[in-house]
4 protein chains.
Amino acid sequence: MPLSPDQQADIDAARAATQQTRRATAPGLEEELFTAHEVLDHGFVRVVDYMGDDSAIVQAARVSYGAGTRHVSNDEGLIRYLMRHWHSTPFEMCEIKLHVKLPVFVARQWIRHRTANVNEYSARYSILDREFYVPAPDALAAQSTTNNQGRGDVLQGEEAERVLRYLREDSTRAYDHYEEMLSQDGQQGLARELARMNLPANIYTQWYWKTDLHNLFHFLRLRADSHAQYEIRVYAELISDLVAKWVPLAHKAFEDYRLGGANLSAKGVECIRRMLKGEDVTQETSGMSKGEWREFVNILDGADV
Amino acid sequence: MPLSPDQQADIDAARAATQQTRRATAPGLEEELFTAHEVLDHGFVRVVDYMGDDSAIVQAARVSYGAGTRHVSNDEGLIRYLMRHWHSTPFEMCEIKLHVKLPVFVARQWIRHRTANVNEYSARYSILDREFYVPAPDALAAQSTTNNQGRGDVLQGEEAERVLRYLREDSTRAYDHYEEMLSQDGQQGLARELARMNLPANIYTQWYWKTDLHNLFHFLRLRADSHAQYEIRVYAELISDLVAKWVPLAHKAFEDYRLGGANLSAKGVECIRRMLKGEDVTQETSGMSKGEWREFVNILDGADV
Amino acid sequence: MPLSPDQQADIDAARAATQQTRRATAPGLEEELFTAHEVLDHGFVRVVDYMGDDSAIVQAARVSYGAGTRHVSNDEGLIRYLMRHWHSTPFEMCEIKLHVKLPVFVARQWIRHRTANVNEYSARYSILDREFYVPAPDALAAQSTTNNQGRGDVLQGEEAERVLRYLREDSTRAYDHYEEMLSQDGQQGLARELARMNLPANIYTQWYWKTDLHNLFHFLRLRADSHAQYEIRVYAELISDLVAKWVPLAHKAFEDYRLGGANLSAKGVECIRRMLKGEDVTQETSGMSKGEWREFVNILDGADV
Amino acid sequence: MPLSPDQQADIDAARAATQQTRRATAPGLEEELFTAHEVLDHGFVRVVDYMGDDSAIVQAARVSYGAGTRHVSNDEGLIRYLMRHWHSTPFEMCEIKLHVKLPVFVARQWIRHRTANVNEYSARYSILDREFYVPAPDALAAQSTTNNQGRGDVLQGEEAERVLRYLREDSTRAYDHYEEMLSQDGQQGLARELARMNLPANIYTQWYWKTDLHNLFHFLRLRADSHAQYEIRVYAELISDLVAKWVPLAHKAFEDYRLGGANLSAKGVECIRRMLKGEDVTQETSGMSKGEWREFVNILDGADV
């Protein structure tokens, strides 16, 4: 359970209070504001604030293109046009702020998206809580035999048990020692900024994370993808659902053009042209490497790529 | 007058409509939302949207520093602490979106602040309006004789008259020719993306400009400064007033630590120490160049630096 | 002619001097260093400095992926893999610095690429030269009748003559008045920061522009594209040629996956699957709007999209 | 010892090879290229590449300011002027690329500087080495009793011994279990991307890190500061020494205006003016809080602030 009763009471109180505003308001997201959506065993995502909605994207685009946008008759068509043609600046006019609780090894991947604002809980100043991510049995995957960064089958039996035992015991012991090293009971107590180094990467941290919609879509494209590590993908998928409630038209265009779409190389486009003319193109005649060809065929077959 | 009656009616309608929100709301800025504040002869600044308030800064800081912030008892003290110690990330948690109408030569300076989102009116797509900045008589300054990028006395008499005549006539003629080149009446009409190149840098453009509070303070520190060009400074000063209504505590800390403060070099600090011990320090004994010494003395004298 | 004899002598001297270095060196680009490549009527592009080469991309990727990269046997394969899978960080490890002379209206488009470092000639400090872009007769295009931001046929006869006359006369007159306003001969002289506002957008400016290879590819994808305005495209095409000499493997991958490739929507991918099964798909049965369908068909037909 | 004999041989070979280049070359930094400078117990910093030197800063500034810079007669004066007046863009024209090996908890602080390019060793793809930071006895500091994020006295005796034992034993055990979980000997072997979560924050990682000189100075100002955590400060101090060999004039200006300088608030400036007139200003009459006053007095006293 990620929240204490006190924290839940604070959230309930925040949700109960409303103010009048002249700003653009997204009713679907208002409904979700402050609620902690659980992710993994101790994590959560909460929407803390947002700016703009679908109409804010349209409004910004119409400022840019002036009378030139009048021929696109409706908001949905204009948003799809912007997405299709990589006109990213109107999407930057929307902003969202999330409160996220997540394991450190997930945070380390996440932070590589540099175009966001972050305030992370500091283990120099304060003491971390005793909360560690331990995978559910069905997430305990073997190393893929074909993909250096992929997962294979779920571990079973003794092997699975031993992994779970190690993860639990090592984090428990590490945290016990963290507390002992920090303790000022009969001793000086090690500096927090040093003691933290004993903690493993499955400990939970938390942060406020704020980004604009364009960069959020980029994050979601990479992290809600089937190749992303499961432990970050569950966060991305939850956020994607929240974005659908916030800017439904933009989210739908994103799904069509980014998440569900495909990038073809010049060679790939050429192969399709030849195939549509009836030619039987093979890897050998495609000009592609084996890896490229395999990915290309997967696109055409509808396999997960 | 920067707005047409239609535009003013749209703004009035937008201001009249309010919604319920659970988000943090800044009453002082709500009051200003959408209103066009006039700047120069045809320009304006309008706040179109915002995210966060003073308490959002505090909230983000408390997430970062956890229990470590409890010793700073109140919001104002914490905000001043953050500003004094250059802890910039909590200020990044607030965001503002402005609609600005401004001359092109001002826009060219402004855009150099790269950490903002911009949607500018496109003269490739659409036709610019016939609106040009012509300085008021008291803004018609001579080149400074001491500062390459500064202004001297206000021009007078015939010289002033000729300058104003050139600015008015050249922009009028340029715009007449712009329209003639674009015209499709009895001719093909030059492409908009080409015709625009005949227009001078005092023509007005407009954009939506969105940035976070940390970067906005950086903009204001440089552009509300007495060394900034008058034509951008009037925008910065107006925006600074709006920021004071939005986040009054943060703005006050900004004024004390950034706008009104001073940066001293190691040499400058050393000189002050010697002076406070009663030594009579001169440029020769200061270790500073003449330029540095002049600026240093100005800080101590309270002259504008 | 963009360069004075003095400037050309400086360039020749710089090109003649060489030093020993331990750094990665790209012989193809060394050959081009400092040379001014002419663009438009008075513009140029010069490579002033660079960091890294194809092997620097590979080296950075191998640090990231460790032993995991050994299965990709050669540099070209690895670079293609990185490009195909949008692994952008290794490309960020190369950097280039250009000296560019360009018309102001081109500079205004260019500067919207925010992830670059720029030092532009300042017309607050210094006086601009009398150099204006006037299109060659075959670049004097009419407004497109189908595309708000496009060009149609080349203007002919009297219409073309009048446009050229306006562009030449208006810029000449504007510059004459600029000089008169600045003059301190028998008068005070208007401040430079004010006088510049009389100058039209076809005047030339210049800057140092520095960016990394990933962001440069993004710039080239948008600006070397057939939809980009001709006056910026000629710069992008020239830079693309220089990049081919600098990092030939990365440039080739860029051409295949970005410049020559295509992005398909989920709907587009689905249509291709149906077509390859023999179905006769039409706009009506595609689920696409007319605009999307037209662009989709162009991809399959090999028309310029 | 951070490097294996093979790695050292590679470095020696790289250092032995030189090429001819027309680029600006910094002899002082050439001398250091590729050499691994040891930091902490297993870390290092190596300069892998660089672009520009002091004269590149000057060159960029002179492009910006044109004839306006002629009154600053020499390079050092101009660089000091740029630094003093926060003209940051010319410093952005220099770039450096480092190879750094560092503990994960240091990497987590470091990465918060977002304006850099990073390729980090991926523990999803590859297996981390068995190398952990264990503080030297004199770096084993107690928690400060006055500063939430500071250090107090060095731990002694039994307490110190126990801390070192915990750090050593916990990391050894965690790594043993990491290897056991990964092992494919008689079992499937846990996915690398999961197994890594058992590793503590004192394990070493490595990355290529590339940034421009302006952002590097910002990093150094924060991280070479006496308030920075010791374990990142030793990296910053080493890098600062390398920068002094690369761009000696810029580094000297940085030391004077940033590292050794001080920021005064408007209140602080006012107090100094009063003090210089002979007034005996106290905290009560200063208008400052106790915390501000303490920091202000430390500046005047020359105590470390």
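Cβ from N, Cα, C; glycine included.
In three-state terms derived from DSSP, B:Arg223 (active site, involved in ionization of N3 of dUMP, leading to its activation) belongs to a helical segment. Cβ neighbour count for B:Arg223 (active site, involved in ionization of N3 of dUMP, leading to its activation) (all protein chains, 10 Å cutoff from its Cβ): 22. As annotated by TrEMBL, active site, involved in ionization of N3 of dUMP, leading to its activation applies to B:Arg223.
The FAD binding site annotation in TrEMBL covers B:Thr89, B:Arg112, B:His113, B:Arg114, B:Glu120, B:Asp212, B:Leu213, B:His214, B:His218. In the three-state DSSP reading, B:His113 (FAD binding site) counts as coil. Residue environment of B:His113 (FAD binding site) contains 17 other Cβ atoms, counted within 10 Å of its Cβ in all protein chains.
Under a cutoff of 8 A between CB atoms, and with a sequence separation of 6+ in the same chain, the neighbours of B:Ile111 (dUMP binding site) are B:Val118. As annotated by TrEMBL, dUMP binding site applies to B:Gln109, B:Trp110, B:Ile111, B:Arg112, B:Glu120, B:Tyr121, B:Ser122, B:Ala123, B:Arg124, B:Arg196, B:Arg223.
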Return one of helix, strand or coil for B:His218 (FAD binding site), based on DSSP. helix
Roughly how many Å lie between the Cα atoms of B:Ser122 (dUMP binding site) and B:His113 (FAD binding site), rounded to a whole value? 19
Under 8 Å by Cβ from B:Gln109 (dUMP binding site), same chain, sequence gap 6 or more: B:Arg223, B:Gln229, B:Ile232
Checking interface proximity: list the recorded positions among B:His113, B:Arg124, B:Arg223 whose CB sits under 8 Å from a chain C CB, in sequence order. B:Arg124
Counting Cβ atoms within 10 Å of each candidate's own Cβ, which of the binding-site residues B:Leu213, B:His218 comes out highest? B:Leu213
Is there any among the recorded positions B:Thr89, B:His113, B:Glu120, B:Ser122, B:Arg223 whose Cβ is under 8 Å from chain A, and which ones, in sequence order? B:Thr89, B:Glu120, B:Ser122
Quick one: what's DSSP say for B:Thr89 (FAD binding site), helix, strand or coil? helix
Spatial neighbours, same chain, of B:Thr89 (FAD binding site) - Cβ under 8 Å, 6+ residues apart: B:Ala60, B:Ser64, B:His214
Residues near B:Glu120 (FAD binding site) in space but at least six apart in sequence (CB under 8 A): B:Ala107, B:Thr205, B:Gln206, B:Trp207
Check: min Cα-Cα distance from B:Arg124 (dUMP binding site) over binding-site residues B:His113, B:Leu213, B:His218 goes to B:His113
Specify the count of other C-beta atoms within 10 Å of the C-beta of B:Arg124 (dUMP binding site). 19
